[in-house]
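The annotation compositional bias 'Basic and acidic residues' is assigned in TrEMBL to 1108-1127. For 11-97, 101-191, 206-294, 299-386, 391-480, the entry in TrEMBL reads domain 'Ig-like'. According to TrEMBL, the domain 'Fibronectin type-III' annotation covers 588-682, 687-779, 781-877, 881-977, 979-1071. Positions annotated as region 'Disordered' by TrEMBL: 1108-1145, 1172-1218. Summarising the annotation, TrEMBL assigns transmembrane segment to 1076-1098.
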Amino acid sequence: MSTLCPVLQPPTLTKMPESLTAFSLDDIMLLCEATGIPTPSFRWVKDGKKVNWMGHNGSGNFTAHGDKPLSDYQGHYRCYADNTLGTAMTHTVKLITESTPTLPKQKRSHKTAEEGASVVLHCNPPRSSTIPHIHWMDKKLLHIGQSERVTTGLDGNLYFANVLKNDSRDDYTCNAQYISARTILPKEPISLTVTPSNDVARGRKPQLMQPQGPHSSHLALRGHSLVLECIPKGLPTPSVLWKRMDVNLSETGAWTDNHGRWLRFDSITQKADGEYECLASNTHGSVTHSYTVTVEAEPYWVKEPPSLLYSPGETVRLDCQADGIPTPTVTWSINGDVILSVDIDPRRRVTGGVLVLKDVVFGDTAVYQCEATNKHGNILKNTYIYVIELPAQILSSDGVVYQVTEGGVARLHCEAFGSPRPQVTWESEDLQNTLLSDSRVSQLTNGTLELFNSSREDSGVYTCSITHNNTSITAHLEVLKRTVMLIGPQAVQVTRGGDSWLDCHFTFDPHLNRPQILWRKDGQKIMESSLGDKAAFVYVCVCVCTCVCVCMYVCVSLLQPAPSLSKPPLSLTPLSLEPLSPAACPSPPVFLSLSEEQDHNLTLSWTPGNTHNSPTTEFVVEVKEEKHPEGKWESHRVTGDVNHLELHLLPYSTYRFRVSGVNRLGRSDPSEISEAYSTLPTVPETYPLNVRSESTEPGTLVIMWEEIDRRLYNGSGFQYKVSWRQVQEHHWSHTHVPHPPYLVNGTRAFSSYEMKVQAVNSLGEGPHPVPVIGHSGEDYPLASPSKISVSVDNSSAIVRWQPVDTHTVQGHLLGYKVTTTTEIKGGRWVVEVDGNKTKEVVTGLKLYSLYELSMTTFNRKGEGPHSPTHPFRTPEGVPGPPASLDFESPSETELTLHWRPPTQPNGQLVGYVLQYQQISDSRNSPPQVEVIYDPTVTHLPLEGLDPHSRYVFYLRGRTSAGQGPPITRECATLLDGVPPSNISTVVGERSVNLSWVPGDRYRNHSFHIKYLSKTVGGKWEESEQVNTLQAFYSLTGLQPGTQYRLLITHGNYTHWEDEIQTTELRGVEGDFATQGWFIGLISAVVLLLLLLLVLCFIKRSKGGKYAVKDKEESQMDSEARPIKDETFGEYSDGDEKRSVSQPSLCVESKLGSDDSLAEYGDSVDIQFNEDGSFIGQYSGRGPAPTGNESSGPASPVNLDPPPPPIGPSFAGILDRTS
């Protein structure tokens, strides 16, 4: 295998299309470009049909052409790129076409609000598949200022948590910017007028304008953005606090935006999935809203198959793994055709995202597509298999000169190419010695020869050749002498005014010229010199000191290679020697040496550096293994009186060492790094662990194990020896592989094998492991359970069977699946049973239903075939309780019962049985029974009932199996209504509020309130019609400080009367309206207005005209002022409806209760519906006729109890003529 490309190349897509929305033909551009040899041709498919399209200039980009309308281009598109080696295709993209958004004809709107109230200015931009950007601006095209009080919502509306006087303006303009359509649509300006209000001082409790309700749910896709919105209203402006219910908000990646009103997620992740809460609060209270955020994901790649070259006869395994939420399905195609539609090839097997192709031939060259799809989208990967044989050749240049300093690592390159992949070998001039037998030499998989710890003797010519081929190249290696510091600057201490001399002597390789000497003081360059080609020299730096000083001087030799060399300039590490100072850290140790290696152990010794008047307390020995890239410095510590350390080294490794000294003032710099030391190779000392079978396909055995650390290879040519044999066989099969896994083909399904994996290298085999047992891949079971029998017991079925033969399972028997189906909706369910069982009880069956039952065997691979179906029927049973039971009361002695049939008849209904009984405080009357033989009857009238008693009713359904459980209700008839008598009055200056509690069982009754002023000449007056269910009435139009007599009659007698006196009118001291100056001022204003009217009339009579626009705006202003009064308090229709409701007289008891009738002797009037909720108002009730009870039938159910009167109702005030 190789990743290099030959002369011919299958098509490879370089540009892919994306879904887009087009507003014109010019917007349509779907990219599709590919490379390949020969050059690919392109074709497009729209909605599954080929598009008549002509490419140009070798590009597959799709653009609009011809005279077709824009709408004809809408659809789903896919591009194909073909050449002689295969077909690559893109994923499916969607092209949406729509016209450019436009604004309909608009009218200018006006809004008026009191100071402190909340206001919403609506934008309502035209609908489009692309979301517009909303900008609220004024007539000067300046943005409206945004803050916590004034916010633009996600819907584009402008929200005011509370308005101020300076919010009044007439140019609030919403501009909708459609970027894709290159259009900005300004709407008509909105005028907002804020009027003063005394409510500002009282404030307002926070409420949410967006979102609505207490909870909302949001679905987001992984990697996309999400914004949660929380816009409150209130006075003062509420503050908003966001929090995550279970973890810290910062861990979710969310951040607040739009002045805290938005919680934004950019590129959302799975960590953001959970519950959130927004808390809006001010000094008057708080309000919360909870959010459920669900994060799902479009398909994304976990593992992508590479495009590779293969030789004939190889086995190809393409692994394509994708993930997403929900889990995506993976399909494979060849040259754009789904594999299921291709002729079945026994060499090919597809399992989920894995495609295996055995014994490839030249005809298998093609482009394979792996596509992962879930409900959120799809992704597609093109990968090609190129089966080819190419002659071997060496790509690296011949005659290259490589330079390295002594002790360095030399790398000689020899990159080869061919199919099958060629093997290369290296030889040196000294043919007596094999290169790879030297522990310092290793050959990489790409053909490069690595030589560690190089010496002058390694210089020479090396030859790289291809096995079984005459192709070869040569490489020249030059090992240069290391630059050595002979005498470096020494630490000195001088008195003020004295002189000091710092020396710098070194030698270097003659092939390097133009040395430069660089001196640094405390890190700063002070002097530089070039001395030509001198090999050794002395440079003197004179420092005149004016005081006792301690300075750090560094002498650095900067060397360059000779220009005659063919390689680039060689960068050498600068050499430096740092001075010592009194009472300082110790100097680095010197003269590191190594003893002879014995059993991979050796002793490192060193000479301690200058202690600087502070004894060395310990040494830090650092060891680094350099042959493997994961090597790093490892520390060992010894006491300060020891100058050696015994080390255990790994075989076939290269080490370097350095030592540091430590005293009370700190740690010294490390010593110079030692020369590279390479240990001898040996056979592996361990074997792979966790050997196991990961077989998933029948006919294959996949042997897997944990790889050994590269540092434990102990030599070159490391491989794994894999051995296997079928259990009870004697012969082992072997192979050598460089890495796991190893695939054994041609096995039987779920056969037992012994397996072992051994480590080997060029010197021999490692220790022998203990074999482990594994199995080849499972296959689907071949048989289902036999001798299945079903016995029915009411709503349960007892299933018995005979187990399957273990040889037919073809895997681990996980159990059986019992599948039960019926024709009713949702009537299929599966019960999984343990494989050791031969009996199972299937419960939860519907009575009087026909079922079919079948069984399958399943293992880890899946289910086997279904057994023959076994039909059975459940018996008829008693029905469930009727679905509902309602009442109507036509008169005081009559009730009509209405019901709905049982939702679970469990058979054929043959009728109903009704039992009812009078409930009294002393004892219960005998029960009455009504038998209904017609199952279609759903109502029954009852007459002759006691109007002063309550009744309990039991209604049951009947089938041939008997009576079912009852639905139980309590009820009583309704009594004729009368006016209220227990009336409370609250007296004002010009009105009196009357309130009462309506009777529980009385019908609505209409009456009038008569009132007489007890002043001279007072006459009886009568109020408008009042209903008893109102529970409240305000009698207005009275005179302050006056005594009145109130009277309600019923029939020919007085039902209720009372006397009241209205309160005195409270005057204002020093009323300025009676002052002379005020009267004069008003008179002057009136005269001025009359004069202006006369002048306007004269101008109009002479032909003067007003501007049309002013006239229209004047009319609109007058029409825009609705007559309303918001000073009466918060009144709504709902309040009025609640005020006329009446409590229910019927109570639902528990369904299916078996309580005796005697238990209802002392029943409590608890008012519930049949579903357990409180009963609402009477169904079918209309307004009561004047002066009498309603004559039509009224239902005694569904009545709400009236709330206690808490304030006056203004219905009478608004309807009454003054």
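Placement of Cβ uses the backbone N, Cα and C atoms for every residue, glycine included.
Averaged across the domain 'Fibronectin type-III' (687-779), pLDDT in this predicted model comes to 92. Highlighted: of the candidate stretches 11-97, 206-294, 391-480, 881-977, 979-1071, 391-480 has the greatest count of Cβ pairs under 8 Å to the domain 'Fibronectin type-III' (687-779). Using a Cβ-Cβ cut-off under 8 Å and counting only residues 6 or more beyond its ends in the same chain, the transmembrane segment (1076-1098) has no close neighbours at all. In this chain, the domain 'Fibronectin type-III' (588-682) lies in contact with the domain 'Ig-like' (391-480); the count of Cβ pairs under 8 Å, excluding pairs fewer than 6 apart in sequence, is at least 3.
Mapped onto DSSP classes, the domain 'Fibronectin type-III' (588-682) shows 0 helix, 46 strand, 49 coil. DSSP labels the residues of the domain 'Ig-like' (299-386) in these numbers: 6 helix, 52 strand, 30 coil. With helix defined as DSSP H, G or I and strand as E or B, the domain 'Fibronectin type-III' (781-877) counts 3 helix, 47 strand, 47 coil. Counting residues of the domain 'Ig-like' (11-97) by DSSP class, helix then strand then coil, yields 7 helix, 45 strand, 35 coil.
Per DSSP, the secondary structure of the domain 'Fibronectin type-III' (881-977) breaks down as 0 helix, 52 strand, 45 coil.
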